[in-house]
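Report on the following structure.
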Amino acid sequence: MCGIIGIIGTHDAAPRLVEGLRRLEYRGYDSAGVATLVKGGIERRRAEGKLLNLDAKLREAPLPGVIGIGHTRWATHGGPTENNAHPHATHRVAVVHNGIIENYQELKAELIEHGYVFESATDTEVIAHLVTYYMEKEGLGPVEAAAASFKRFTGAFSLVLLFSGQEDMLIGARHGTPLAVGYGEGEMYFASDAFALAPLTNRICYLEDGDWVELTRSAAVIHDASDAVVERPVKTTALSGALIGKDGYRHYMLKEIYEQPQVIGDTLNAYINPETGRVTLPETSFDIAKATKLTIVACGTAYYAGVVAKYWFETLARLPVEVDIASEFRYREAPMPEGGVALFISQSGETLDTLEALRYCKRQGQKILSIVNVPESTIARESDAVLYTMAGPEIGVASTKAFTTQLTTLACLAVTVGHARGVIPAERMQQIAQALREVPARAADVLAHDERLHELAQEVAEARDVLYLGRGAMYPLALEGALKLKEISYIHAEGYAAGELKHGPIALIDENVPVIVLVPSDGLFEKTVSNVQEVCARSGKVLLIADKKGIDKLSDKVRWSLELPACDPLVAPLLYAIPVQLLAYHVAVLKGTDVDQPRNLAKSVTVE
Ligand code: F6R
């Protein structure tokens with residue numbers, strides 16, 4: 001969740017550390033800090049809140065030094081105060097850390113007995129004191145002290161250490177959360193991801209779990225978990241050095257919503273052959289169509305994409321599907337069938353719960369398939385086969401274009417598997433491929449309703465509670481709509497399967513609760529219409545999103561309606577995602593929240 005960076009450079013490190021942190025800020029933004037060596041001694045600047053507070057501090061009191069480390073925090077242990085901000089330091093060593101040191105309380109007690117005084121409420125501070133202990137009390141050099149300390153920590157973490165008096169050395173370690181090494185010209189770097197290093201270098205080495213590294217200006221000596229020196233490949237990334245801008249949009253989220261016609265098209269280009277019009281997936285080392293069962297695991301919005309996919313795989317491929325949220329699945333000790341395939345969906349490719357669920361499934365002999373947006377992410381690297389979503393960097397914390405490109409990829413997969421299993425004939429496959437190819441143009445039509453959704457937002461912004469309803473593949477869309485609204489506008493919202501309403505939630509209906517109903521004309525149309533009528537009969541304030549058929553049938557009964565283009569029901573989730581995203585966005589703007597960096601959240605969730 002936190003972002004970490006280290007530079008052994010040839011000129012002032014602090015401004016470049018802050019630039020790197022800006023690109024990592026999506027990982028956490030409740031406090032930030034940097035440390036450099038000034039005349040051999042560790043000096044720090046730290047600030048509570050967003051990175052601009054640290055920037056202002058550095059402008060008031062610049063920090064010289066060509067070697068340094070930086071951190072942007074998402075608090076786990078200890079509130080988001082300046083005192084708890086990283087780097088944490090003793091007079092010998094400073095540390096930036098992502099993850100959790102689970103045994104920090106035992107270590108802290110031990111270090112207090114040795115006379116060390118703690119200043120923060122964090123788990124991280126034990127790292128600085130333990131390394132210092134090994135140097136001061138056991139007489140070890142920095143490398144040996146670091147190696148000895150790494151063996152004492154439990155939990156998932158990555159970290160970078162800066163030592164006083166060591167102008168040409170940083171030590172980094174990766175243990176369950178990501179860390180990459182960047183190779184520059186006469187300079188070397190560490191960072192949580194290649195994106196942070198893009199302005200500095202595109203030559204990146206992704207460390208393996210358990211690796212730790214002695215970094216100097218000219219080399220990286222990489223050790224594995226048993227301390228043996230190992231070689232890891234250095235890859236050239238395609239990431240651009242240019243700072244990803246907002247292109248004139250007020251927020252990244254809005255820009256990313258508007259990018260959807262383009263990135264859905266890019267994803268389709270990867271999976272539909274333009275000449276034959278057929279869905280053509282890359283070769284995999286195992287045959288997904290022969291799976292006895294498909295287990296889909298993910299978190300948050302990616303999980304909702306998985307729930308939509310369950311409907312697709314079951315109807316198009318007659319493949320039994322189980323779908324679960326990773327934090328529940330990973331501890332359930334679920335029995336896994338022989339010949340099963342497990343599918344993991346993740347924008348970042350780093351979500352710890354999803355990754356651990358993947359590892360569990362691997363141990364259970366499942367073939368591992370993943371759908372991720374970030375190439376070289378841990379989930380991608382640990383999978384037997386990967387399908388990439390072509391969303392490009394998603395900076396807004398609320399997932400938008402990653403979701404619709406996940407759906408695009410899942411639709412292509414479900415259709416391919418359905419055809420290979422003999423469930424859908426070639427003509428239906430071709431028909432769906434055609435419907436998918438029309439999605440970018442239809443998505444652009446949906447975006448044209450932005451102004452109407454802005455008007456609706458004024459009504460929703462007044463509400464205390466909002467309900468979203470849908471049936472079939474619209475049920476997960478209802479869940480996603482509610483998640484989008486609550487995470488960025490802080491309004492309480494719930495998604496329900498429309499047919500479930502009468503089993504309890506209907507008690508909430510009154511004239512003050514907006515009920516947003518998603519009703520495409522699919523096989524469940526009449527059923528959902530009945531549910532809408534049940535809400536209307538109880539003076540519910542229905543806000544209808546439907547195509548012409550639904551509008552004709554219901555628009556005179558409901559408070560407000562929006563007509564979306566008619567489409568093959570299979571692709572409807574891709575189109576209905578857009579109005580729920582835009583509605584949440586406009587409500588959040590009206591409420592004056594921080595749309596791109598909503599409170600308490602972070603983009604990449606690498607703690608459990
Ligand atoms: C919500 C959102 C989160 C993520 C979830 C999984 O808008 O973005 O719910 O979908 O944290 O993240 P990834 O896809 O990176 O595994």
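Just so you know, glycine gets a Cβ as well, placed from its N, Cα and C.
If you look up TrEMBL, you'll see Cys2 marked as active site, nucleophile. The active site, for Fru-6P isomerization activity feature in TrEMBL is assigned to Lys603. Among the features that TrEMBL reports, domain 'Glutamine amidotransferase type-2' is placed at 2-218. Per TrEMBL, domain 'SIS' is recorded for 284-423, 456-598.
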Length of the line joining the Cα atoms of the residue listed as 'active site, nucleophile' and Lys603 (active site, for Fru-6P isomerization activity), in Å: 10
Fewest-neighbour residue among active-site residues, criterion Cβ within 10 Å, set Cys2, Lys603: Lys603
Confidence summary (mean pLDDT) of the domain 'SIS' (284-423): 96
Residues of the domain 'SIS' (456-598) by DSSP state, where helix covers H, G and I: 74 helix, 28 strand, 41 coil
